[in-house]
Structures are given as structure tokens and as C-alpha cells.
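To start, the structure under review is shown below, and the notes come after it.
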């Protein structure tokens, strides 16, 4: 059967009181309004957020058929080679686009057509296999969606449909509808398929931007969230639910919203544990130090220094005086400088003599990823044996992410 186009209006749903959609919306609205009682220090939180941006970017690219493993991408980041090939560049582009969203989008901001087109330009920049001949421009010809019965609208109608989508996103509905609008906008964007290529990557970026817009505190010192985990856990289920919603019926759109929002709820409940600094330190960060020490990537002395630096406040050289007993001033300075040079300690400001531990851009990242996987914070499609191997320096063996707890 040939794909066919059938218009349906973009609208809010009115689920019955006993619908599972009402239940999940109620719980998510409670979480949205809840003031997180977390105590993870900002200098630690923002490094953690960087890691989740990496996971989001890799997960989004893998949905589109990118076969880069988490191991490969971690190594490329540590070597400064994220643009070494087309597949690595595709993931790096998504990371850059997420950073652009963080810098550009604030809660309550209006979202524009220009903003969406800029996300596309960033996502497809300098790509060959997954690029677009006209970055940031809507398509001028017809497109097909692989395996879908839905035929996206003719190119001439794309600006009209996108204008309606932007109006829907910015319409001042009650806050309780925000997350329903996130799910409906995600589907509608895919239904329009406004660009020649890169639509999937852009719609997942848009989803992240909408979570910020609708006040879900995923940007500044609040939550870390990996929305792509909702979709990349089971790519076929994702496509199946998108296709179901293409019919535009109340029931199919409600089923789509339940699928998306239950996934977001599960992710939020999981990652909100990381706002508890004791849990984060004891379960993720200290095991990463032990992992690096066991593999002789850091010495026992360095592990002890970094362990103290993984505290609620920056540290100074004087905080290590018991560790530096018998050392001259120059020797103490050398111990700290070694860790700074290896990106494991970082001054709180240029020239400052107070430091924080740095794990997002150093060899410690391997151990952090391993611990996150073991505690179920990395989706199965990224943490499985086929996706993550050899995230240690050869020839010391494999870093097995399979032993994890959901």
C-alpha cells in the first residue's frame, strides 16, 4: 500500500478521568513543581550534566543508525578527536546543539521557527552521510518515511504546518498541559517531516528544549535528563508508536502521549537519585576513582587527593597537608599540578588556588560511565555488550558494562 497524506488538526487531548494519561500527567506535574531537595554541588552537577548530554547525543544518533559505541565516543572526546569521522561528528553536532539550547532557551521563552531551523543547521553541519544540502532550510521536495503508511505533507505546505506547530507550542495553555504538548509536538514535527534529512535528531533536540521551556528544570542546577533514553531503549517500539499516532485519532494520540510521558517519568525518577550527593559520591564517583587506581591510571596518592576534592566545597592545598607530610612546598605543588595538567583537578577560576575534582574530561570518565551503567543510568541499547567495549586503555582488558542494576 502506498503511503498517503491525511490531514488532522493539532490539538490538546481531553482524556477521561480514569485514563492512564491523567495519572502520568498528574505525577509529572507534581515532579515539575517539586523543589528538588538535592545537595549535589553545582561544580559536580554541571559535569554530570555534560555526561548526560553525551549520552543523549549518542542515543539520538544511534536511533538514526549511527553505530558508534559509547567506548569509541568517550575515547574520541578524551583525545579531542570528536570530528575525526562523519559518525563521530554527527554525535558531536548533537552535543553542540544541546549546548546551544542551554544557552538560548529559558523557562517560559517563546520558541521560534528560526530557533528550530538553527537546531537543524547545527545537527547536520559538515556531515556527508547524514547531512543536508540546505542546512536550516525547510525541504523543497517530497519525502517518504521508511516503513510508514503516512506521507508527509507537500513541501509547499511545510511552512504553514510549522507555523501552526510553533503557535501551538507558544500558546499560553495551563501549565498542566505542558508535558502533553511536549509529546504532541514531538509527533507533529515527525508527521510534518519539515527537513530533507535530520528530522529525527532535530525533534529530539526540540523535545529537550520544550522541557526547559515548560519549566522542567533540566538546565540550571536542577535535573539531569536524557530524553533520548525514552526512545532509544526500543527503537522499533518508538517507530511503532509514531506510526500509530499518525492516524490522528484521539485514542492513538493518547496512546502516544502515554508512551512518551511514562518514559520521561521513569527516567526522571531514576536520574533524580543523582541529586543526592551522598548517593552520587558513594555509588558513582568514588567507584570511578577505585577503577582508575586499579588500572594504574592514577596512584594511591592521587586517588586520595581526588577523593577529598569530591566533596561539597572546593579544596585548597592545605586540605591535603596530612597526605603531603614530609614533602617540600615544591613537591606539594607538583602533586597538584600533575592532576590539573591531566584535567582531574580544576581551579574554580583562572589563577585560583581552590580546586574541584574534574571527571567529565579526563580518564576518570571511563569509571564514571561504568558505574552509571551498573546502576542503570545508561540505557540498555548504549550499555549492552554490543555497544560498549574496551573503555580502558589497552592492553588492560575490557570494561564490562553488562553487570548493571536497573
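Cβ atoms here come from the backbone N, Cα and C positions, even for glycine.
Per TrEMBL, active site is recorded for 193. Packing around residue 193 (active site) is summarised by its Cβ count: 24 other Cβ atoms lie within 10 angstroms of its Cβ, all protein chains included.
Other Cβ atoms within 10 Å of the Cβ of residue 238 (ATP binding site), summed over all protein chains shown, number 19. According to TrEMBL, the ATP binding site annotation covers 238, 239.
Under the heading domain 'Fido', TrEMBL lists 111-262. Model confidence over the domain 'Fido' (111-262) is summarised by a mean pLDDT of 92.
Take the CB of residue 64 (site 'Important for autoinhibition of adenylyltransferase activity') and look out to 10 A: across all protein chains shown you find 17 other CB atoms. When secondary structure is read from DSSP and collapsed to three states, residue 64 (site 'Important for autoinhibition of adenylyltransferase activity') falls in the coil class. Residues or ranges marked as site 'Important for autoinhibition of adenylyltransferase activity' in TrEMBL: 64.
Within its own chain, residue 239 (ATP binding site) has 147, 148 as residues 6 or more apart in sequence whose C-beta sits under 8 angstroms from its own. Distance noted between the C-alpha atoms of residue 64 (site 'Important for autoinhibition of adenylyltransferase activity') and residue 193 (active site) is 14 Å.
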